[in-house]
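Trainee: Pasting in a structure now, in structure tokens, and then I'll have a few things to ask.
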Amino acid sequence: PIPVSPQVAALQRQVFDFLGYQWAPILANFVHILAVILGIFGTIQYRSRYLILYAVWLVLWVGWNAFIICFYLEVGRLSQERDFVMTFNTSLHRSWWMENGPGCLVTPVLNARLAPEDHHVITVTGCLLDYQYIEVVSSATQIFLALFGFVYACYVSKVFLEEEDSFDFIGGFDSYGYQAPQKTSHLQLQPLYT
């Protein structure tokens, strides 16, 4: 079956996206978890179509993770300050790692006029690794696992398809050139009539 690490990585990512109210990644992670389950089912049940569907999803998954990398590194015209793609423009939330990264010290800014009434302004200092890079490493890990899963799904579905093609369901083993032994004896069985 598919190795455990893609499931663990997807669940870990789902938890941290929920903590950061990142709605677009939550939705993508949910679909990815369903696709992984479908891939596992296809492997266990010898269903090549499910594995092909899983492989197609993995191509989309690589694209999504490449977008996340570009978003957090602000490639091109993407900007974290003005684009709230990850929250579907419903809130000002950022990655959970922004405030909770390793070594980060969060200081609230009192009497900040920049924030709406239901939000607070903070400064984050002293992080050993900025949240953007944690998100990039997470997405890069997902891409690596997806590429491995894609090769696996393609290979296993190919093996399943070859097995389906080599077995003749009606004629038995005719496709292998198997012929029933010919009776060389002069005594042949004849039906008995009573």
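For all residues, glycine too, the Cβ spot is worked out from N, Cα and C.
What TrEMBL shows for this protein is this:
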type     : residues : note
TRANSMEM : 23-44    : transmembrane segment
TRANSMEM : 51-75    : transmembrane segment
Trainee: If we skip the immediate neighbours and take only residues 6+ beyond the ends of the transmembrane segment (51-75), which ones have a Cβ under 8 Å from one of its Cβ atoms?
Mentor: 25, 28, 31-32, 35-36, 38-39, 42-43, 83, 85-86, 95, 132-133, 135-136, 139-140, 142-143, 146-147, 149-150, 153-154, 156-157, 160
Trainee: Restricting to the same chain and to residues at least six past its boundaries, which positions have a Cβ under 8 Å from a Cβ of the transmembrane segment (23-44)?
Mentor: 1-2, 6-7, 10-11, 13-14, 17, 50-51, 53-54, 57-58, 61, 64, 68, 85-88, 90, 149, 153, 156-157
